[in-house]
Amino acid sequence: MSDVAVAADTTETPAAPTKASKATKASKATKASKATKAKTTKVPMVKADAAHPPFINMVTEAISSIKDRKGPSRAAILKYITTKYTLGDQANKINAHLRKALNKGLESNAFVQASGNGANGRFRLAEKTASVAKSPAAAKKDATGEKKATTTVAKKAATGEKKATTTVAKKAATGEKKATTTVAKKAAAGDKAKKTEVKVKKVKSPKKIAKSPVNKVTKSPVKKIAKSSSMKAAPKKAAAKPAKKAPAAAPEA
């Protein structure tokens, strides 16, 4: 016999699978499939964002933005919302939603019908909704504007307080310096003035005698006494007679 024949004889033929082995395999397969199903978590369906807000909001925005004395008509509202938002090409559905929104607004007293009946006519906003109705973009802008305003006001207030405190401190410091310098100067000047006053009191300056104006003696005119005729001139005294000379002595013999 050849080597190939011996090898063929030595290999054992596999045993035929029994029914029990088939059942165990099937049960294992089902359990594995259930485990895989349990492991796979269900992915939640993510709803796509709507391309436009609800029709009632769009209608209120259109009525508030369209400026018409009589109020905007349904055609004007439709034109506004179709130009601003992407509503698609199905005009019948758009008109149906618009009519429903108008009727709903009239029932809830959000809109006031200026003229016409039902969805056909002109509309105005009620007083309550007119003050509340704003576009979402405008509301966001208002919110951002308020935030910016508050931040800028807070920053300005903080800087203003810092500047005010620094300026007040500087002014107070300068005021104190000025006050001290002025007080010191005034005190020094006061001391000097007191010293000078004391010196002046010690040294008595001679009093100047005010010269009284000399009374000019007015010469009174001498009154000439008129010689009255009664007054006679006093008699002149007789001239003294010369004394008689003594007789000369006779010569001696």
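Placed from the backbone N, Cα and C atoms, the Cβ positions cover glycine too.
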When you get a sec, could you say which of 1-43, 87-129 is annotated region 'Disordered' by Swiss-Prot?
1-43
Model confidence over the domain 'H15' (51-127) (mean pLDDT, whole number):
89
